[in-house]
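First comes the structure, then the notes that go with it.
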């Protein structure tokens, strides 16, 4: 039987660009795992992508995944834009290079191992698991830049 995993992700950035963090909560049966990390110089979109990447890469075998994100950038990118980008050799419709293509390629590879149901959740709307993912992203931001309070 294929394992079922529920994931909540979020990214945070102090300045854009600036120090940033990502966080994710993974649920598998009655088990819960929280992860976070950060980078000293990044963007909010890169941190949103990293949260999903890190969570999916943590899974050591193919799973049925329900992944929740409050990022329209991640949702539209993975569900709509990525097919065109790949078909055009990682160029946008106007022939510009895709921003963050290194992370989009990594996310594409990470999701290929799993059956992922992408779910959008409204950010900062009081959803407890999204709020926890946000807190983890902010913890990752603090780890990347201890001077950020």
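Note: Cβ is positioned from N, Cα and C throughout, glycine not excepted.
Pulled from Swiss-Prot, these are the features on record:
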- 1-142: domain 'RNase H type-1' (DOMAIN)
- 10, 134: Mg(2+) 2 binding site (BINDING)
- 10, 48, 70: Mg(2+) 1 binding site (BINDING)
Sorted by sequence, non-10, 48, 70 residues with Cβ within 8 Å of centre, Mg(2+) 1: 9, 11, 47, 51, 69, 71, 74, 123, 130, 133, 134, 137
Winner by Cβ contact number (other Cβ atoms within 10 Å) across the binding-site residues 10, 48, 70, 134: 10
Cα distance (Å, whole number) from residue 48 (Mg(2+) 1 binding site) to residue 10 (Mg(2+) 2 binding site): 6
Collapsed DSSP category at residue 48 (Mg(2+) 1 binding site): helix
Integer Cα-Cα distance in angstrom, residue 48 (Mg(2+) 1 binding site) to residue 134 (Mg(2+) 2 binding site): 10
Whole-number Å value for how far residue 134 (Mg(2+) 2 binding site) lies from residue 70 (Mg(2+) 1 binding site) (Cα to Cα): 10
Secondary-structure category, per DSSP, in which residue 70 (Mg(2+) 1 binding site) falls: coil
